[in-house]
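Participant: Supplied in structure tokens, the structure appears directly below.
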Amino acid sequence: MILCSYWHVGLVLLLFSCCGLVLGSEHETRLVANLLENYNKVIRPVEHHTHFVDITVGLQLIQLISVDEVNQIVETNVRLRQQWIDVRLRWNPADYGGIKKIRLPSDDVWLPDLVLYNNADGDFAIVHMTKLLLDYTGKIMWTPPAIFKSYCEIIVTHFPFDQQNCTMKLGIWTYDGTKVSISPESDRPDLSTFMESGEWVMKDYRGWKHWVYYTCCPDTPYLDITYHFIMQRIPLYFVVNVIIPCLLFSFLTGLVFYLPTDSGEKMTLSISVLLSLTVFLLVIVELIPSTSSAVPLIGKYMLFTMIFVISSIIITVVVINTHHRSPSTHTMPQWVRKIFIDTIPNVMFFSTMKRASKEKQENKIFADDIDISDISGKQVTGEVIFQTPLIKNPDVKSAIEGVKYIAEHMKSDEESSNAAEEWKYVAMVIDHILLCVFMLICIIGTVSVFAGRLIELSQEG
């Protein structure tokens, strides 16, 4: 008996609920039918044709999809919040079961033809015709999503440590300011739901309303709202993949001068570095904006690296040529000997060149001034001159002449060898100097290219 009564109560409640739903649906159906019965969506929603429609526009930035530096296009995911009053879509909630808000298809009512003026590659107008929210006062709120591809002039002077000021210019396409007025919802776009980008950081963003007078109709204003977005690039990707490899190429170029010339691999290493750098530049050239308005910082640095490597190859050729010089083809000038053999080694604190002793006493044989030490290989102190009749012996004289010839030939070879060693020593000194100079230029060049811009960014905060 008790179970039966519970069943009846539940059935009654279900019937009342269904009746409420049916009545609510009937009220909404009747309301929509009455509102749209004689509605003309072509005519502006004003009480008198001299009045204007006041539209409030708010831009909600959801995502910065991409920034195409080459084609200078910024792709964004946005929502355009538009509000206005349609005087023909008002009702008394008491006549329709207390309904205060309804949702209507946007295709069934008048819509402002708001477009993106600086569109670059895409749709000028909104293409996703979502439903709009209408309340009993005639106030309409429509927030359609859109993917905008806007033109943005990319200033590449400080790339990749650059800031870009990109704009979105929104305006009514067919109505002038006397027919449809637009005003920004706020002086800043809404970034409350913005998804952070891995490449860009929003530094500042603002919106301004403009009255524009064209030459065709100088007395009629056309209104637009322009949003400015100041974006700063996160340079980590380019630092790791471009700047650091170029810096390593520069250091590797300097190490060419640390490699001994006798190894025969100095030129091989130089050419290998040049080829590697060329291939590397061909790969990364597509990452750099192709514009002739300015040379970006990273382009200057790559040009510096290329000149640096080519200069090292030219100088390496000179060093190798110096290393292989001989006294038969090149006589060392006295100033070269004084600077590169006597002075610079002492200044740079590396070992000086060892030279053969010139304190050799000359020992004469008979009247022909033959050095006894050249013949016997031993130093003889004092001048020993033989004054014997053996000088008249032809065999002895012939033997002495032969020994003298051999001694002079050995002396000539020794002088030639010493001269060649001097050239090699000069080449080694030049290598040491160039190693220090190139490493210093590498560091100074890198700092001079990027330091100024990095200081500016640090001061801006």
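Using N, Cα and C of the backbone, Cβ positions are placed for all residues, glycine too.
I grabbed these lines from Swiss-Prot:
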type	residues	note
SIGNAL	1-24	signal peptide
TOPO_DOM	25-234	topological domain 'Extracellular'
DISULFID	Cys152-Cys166	disulfide bond
CARBOHYD	Asn165	N-linked glycosylation site
DISULFID	Cys216-Cys217	disulfide bond
TRANSMEM	235-259	transmembrane segment
TRANSMEM	267-285	transmembrane segment
TRANSMEM	301-320	transmembrane segment
TOPO_DOM	321-432	topological domain 'Cytoplasmic'
TRANSMEM	433-451	transmembrane segment
Participant: Relative to the transmembrane segment (433-451), which of 235-259, 267-285, 301-320 accounts for the most Cβ pairs at distances under 8 Å?
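Facilitator: The stretch with the most contacts is 235-259.
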Participant: Reduce the DSSP letter at Cys217 (disulfide bond) to three states and note it down.
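Facilitator: Where Cys217 (disulfide bond) sits, the three-state DSSP reduction gives coil.
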Participant: Near Cys152 (disulfide bond), which of the recorded positions Asn165, Cys216, Cys217 can be found within 10 Å, Cα to Cα?
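Facilitator: So the list is Asn165.
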Participant: In DSSP terms, helix, strand or coil for Asn165 (N-linked glycosylation site)?
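Facilitator: SS state of Asn165 (N-linked glycosylation site) = strand.
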Participant: What same-chain residues lie close to the transmembrane segment (301-320): Cβ under 8 Å, and 6 or more beyond its ends?
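Facilitator: Contacts with the transmembrane segment (301-320): 242-243, 246, 249-250, 253-254, 256-257, 261, 266-267, 270-271, 273-274, 277, 281, 295, 427, 430-431, 434, 438, 441-442, 445-446, 449-450.
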Participant: Looking only at residues six or more beyond either end of the transmembrane segment (235-259), which have a C-beta under 8 A from one in the stretch?
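Facilitator: That would be 160-161, 199, 265-266, 269-270, 273, 276-277, 280, 284, 287, 298, 301-302, 305, 308-309, 312, 316, 319, 431-432, 434-435, 438-439, 442, 445-446, 450.
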Participant: Where does Cys152 (disulfide bond) sit in DSSP terms: helix, strand, or coil?
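Facilitator: The three-state answer is coil.
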Participant: I'd like to know the mean pLDDT over the topological domain 'Extracellular' (25-234).
Facilitator: 92
Participant: So how many other Cβ atoms are close to Asn165 (N-linked glycosylation site), meaning within 10 Å of its Cβ?
Facilitator: 13
Participant: Would you please pick out, from the disulfide-bonded residues Cys152, Cys166, Cys216, the one with the fewest other Cβ atoms within 10 Å of its Cβ?
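Facilitator: Cys216, out of the disulfide-bonded residues Cys152, Cys166, Cys216, has the fewest neighbouring Cβ atoms within 10 Å.
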Participant: Please work out the number of neighbouring Cβ atoms within 10 Å of the Cβ of Cys217 (disulfide bond), leaving out its own Cβ.
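Facilitator: Taking every protein chain into account, the count is 10.
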Participant: Work out how many Å separate the residue listed as 'N-linked glycosylation site' and Cys216 (disulfide bond) at their Cα atoms, rounded off.
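Facilitator: Cys216 (disulfide bond) has its Cα 30 Å from the Cα of the residue listed as 'N-linked glycosylation site'.
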